Amino acid sequence: MERAQEEMQFLGFFGIFKESYKLIFSGRKIFSNITLALILPLSFVYLVYAHVYSFFVSKFTAADYDIPSQLISYDWLYFWLFNAAYFILFSIFSLFSTAAVVYTIACIYTARELAFKEVMSVVPKILKRLIVTFFSIFVAIFFYLVATVVVLIVWAISVGSIPTVGLTVLAILVILFIVGFLYLTTIWHLASSISVLEEAYGFPAMVKSKNLIKGKLWLGISIFFILNLAMGFNQIAFKRLVVEGTNIGMGEKIVYGIIFFLLLSTMILFGLVIQTVIYFVCKSYHHENIDKAALSDHLQLYLLGEYTPSKAKDCQLQVNQYK
C-alpha cells in the first residue's frame, strides 16, 4: 500500500479511486496478466450474453403463432440452457477474478514477491471460500426479494388504488428497495475480500462485513452505486450501438464493441481493486491494524495448499484494538 495503515481511514470518495489507481499502476504487469487471463473473458461473456439475450427476446416478441408449439418450446429450452451456461461461466470467471485481484493486492500490501503463475496456482484454493460466500449472499438477496414482493402485495391491497397516496408510498418503497439492494451489494463486496484475507467466509464473512462497514457505509454505497451506474451505462450504450444499431455499419459496430469491451474490463478491474481498498479503509477506521507478517503467513498457506481452519486461526490477521 502507498499509505500507512493509520492514514487509510482518512481516504474519501476520490481518495479511494486514487489509491486504487496507484495500486494498479504499481502492479501493472501482474494486473495486466490477470486482466488478459480472467477479466477479459469475463467481460466477453457478459457482452455476448447481452447480445444473445436480445436476440432471444426479439425472437419471442415477433413469434409467429402459426409455428408449431413444439418449435417454440425448443426455443424456450435453448433460452434457459443459454442462461444456465451464462450463469456458470460468469460466476466462474467472476470468482476467479475476485480471488486473483484480492490476493494480489494483499501480496503488494505485505511486500511479498509475486508472480502471475503463483496467483493462478492459488486462485483455485481460494475458490471454495468465495463460492460459499457467493451462495450466502445469493440466499440473502433471494429472501430480500421475497420480502419486497410481500411488501408490494401489501401496498397494492392497502393504498395501491389511491392515486396520490399510492404513488407516493410506491416511490418511497422503490427508493428504500434500491438503498437496501446497494447495502447488500456493499456487504457482498466486502465479504468477498474478508473471505480471502481472513478465516471467515459465507454467512460469518457477511456478519463481519456488516460490522466492518459501520462508519463507512454511505461511502461504500456511493462508490459501488457509481461503479454499477457506469457499468449500466456501458451496457445500455453497447446494446443501442452494437446490438440494435441499424444505422451503423459493421465496421463501426466492431469498433464500438471493442471500446465497450475494454471499458467494461477496466471498470471490473477497478471495482475489484476498490472493494479491497475499502476493506483496508474500514479496518483502519476501526483501528484494526493488520499485522503484515501474520497476513503474509495467511497468504502463504494458500500457496502451500495447506489452508485449514485450525492453521488459519494460528496466522489469522492480528488485530490491535485502540479504544
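The backbone N, Cα and C atoms fix where each Cβ goes, and this holds for glycine too.
Marked as transmembrane segment by TrEMBL: 30-56, 76-109, 130-157, 169-197, 217-238, 258-282.
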Segment-segment contact (the transmembrane segment (169-197); the transmembrane segment (76-109)) at 3 or more Cβ pairs under 8 Å: yes
Chain residues outside the transmembrane segment (217-238) and at least six past its termini with a C-beta under 8 angstroms from it: 12-13, 16-17, 47, 50, 179, 182-183, 185-186, 189-190, 256-257, 260, 263-264, 267-268, 270-271, 274-275, 278, 281-282
Closest-packing stretch to the transmembrane segment (258-282), where packing means Cβ pairs under 8 Å, from 30-56, 76-109, 130-157: 30-56
Same-chain residues at least 6 beyond the ends of the transmembrane segment (30-56) whose Cβ lies under 8 Å from its Cβ atoms: 24, 75, 78-79, 82, 86, 89-90, 93-94, 96-97, 100-101, 104, 114-116, 119-120, 235, 238-239, 242-244, 257, 260-261, 264-265, 268-269
For the transmembrane segment (130-157), distant same-chain residues with Cβ under 8 A (at least six beyond the ends): 91, 95, 98-99, 166, 169-170, 173, 177, 180-181, 184, 187-188, 191-192, 195-196, 201-203, 205-206
